[in-house]
Amino acid sequence: MGNFEVMNHPLIQHKLTIIRNKDCGTREFREVVNEIATLLAFEVSRDMPLEDIDVQTPEGVAHAKHLTGKKVAVVPILRAGIGMVDGILNLIPAAKVGHIGMYRDEKTFEPHEYFVKLPNDIDKRQIFVVDPMLATGGSAIMAVDALVKRGVPESNIKFVCLVAAPEGVKALQKVHPNIDIYSAALDDHLENGYIVPGLGDAGDRLFGTK
Ligand SMILES: O=P(O)(O)OC[C@H]1O[C@H](OP(=O)(O)OP(=O)(O)O)[C@H](O)[C@@H]1O
Ligand SMILES: O=c1cc[nH]c(=O)[nH]1
Ligand SMILES: [Mg+2]
């Protein structure tokens, strides 16, 4: 069974409060989402494997460490997931980026896939699927389905979001029990498909649409 973890770092919590505020405008919202994504990337990359390496410094040889293991792919769920990509690439600049386009039906909240473009070696990468909101879980489940269908083991996938609803966490864990889920917050409940208290419509707030 994968983990579900709320990232309680004070900087993450403080910045999340900024974007929850309904008066936070598009520019600040976008900036702070990326800042939170960078902090989340720091936290979720803690278990990246290291190996020993000797490096010649100007003064001698250091018995040091460098990253080993799988290369990384960041996979945003469009649109809102795009808002987190640059923040993650700040820390993992060599990562490749795949895109999965998904929108929720306004009435039924059922997700619909409209675009998938992934690196060719996606099945060999450590994948961070990013989307600010995990509400009913439908979009996240369908995005992970799209990866698994292309040969990605669930254990290679981490789902990273800003706000999760208990309903979404439960649904995602039920269908894809082996992925790790990380969120900056676990909110109270869903109302009409929206997370309460949440932060509203993340895509609209990031891109200034309605
Ligand atoms: O857990 P769920 O119930 O599936 O809801 C979460 C999804 O809803 C939002 O996307 P939306 O459909 O609004 O598309 P957008 O990102 O293009 O605005 C959000 O960005 C997630 O992808
Ligand atoms: O609260 C929510 C739920 C789904 N998508 C959002 O952008 N916000
Ligand atoms: Mg939206």
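Just so it is clear, glycine is given a Cβ too, placed from its N, Cα and C backbone atoms.
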May I ask you to find which of R104, R125, R150 TrEMBL records for the 5-phospho-alpha-D-ribose 1-diphosphate site already listed with R79, D131, P132, M133, L134, A135, T136, G137, G138, S139, D201? R104
Do any residues at least six apart in sequence from A135 (5-phospho-alpha-D-ribose 1-diphosphate binding site), in the same chain, have a Cβ closer than 8 Å to its Cβ, and if so which, in order? F109, A165, E167, G168, L190, G193, Y194, I195
Relative to the Cβ position of A202 (uracil binding site), how many further Cβ atoms are located within 10 Å? 25
When you rank G200, D201, A202 by Cα distance to D131 (5-phospho-alpha-D-ribose 1-diphosphate binding site), which of the binding-site residues ends up on top as the closest? A202
Cβ neighbour count within 10 Å, max among the binding-site residues G137, G200, goes to G137
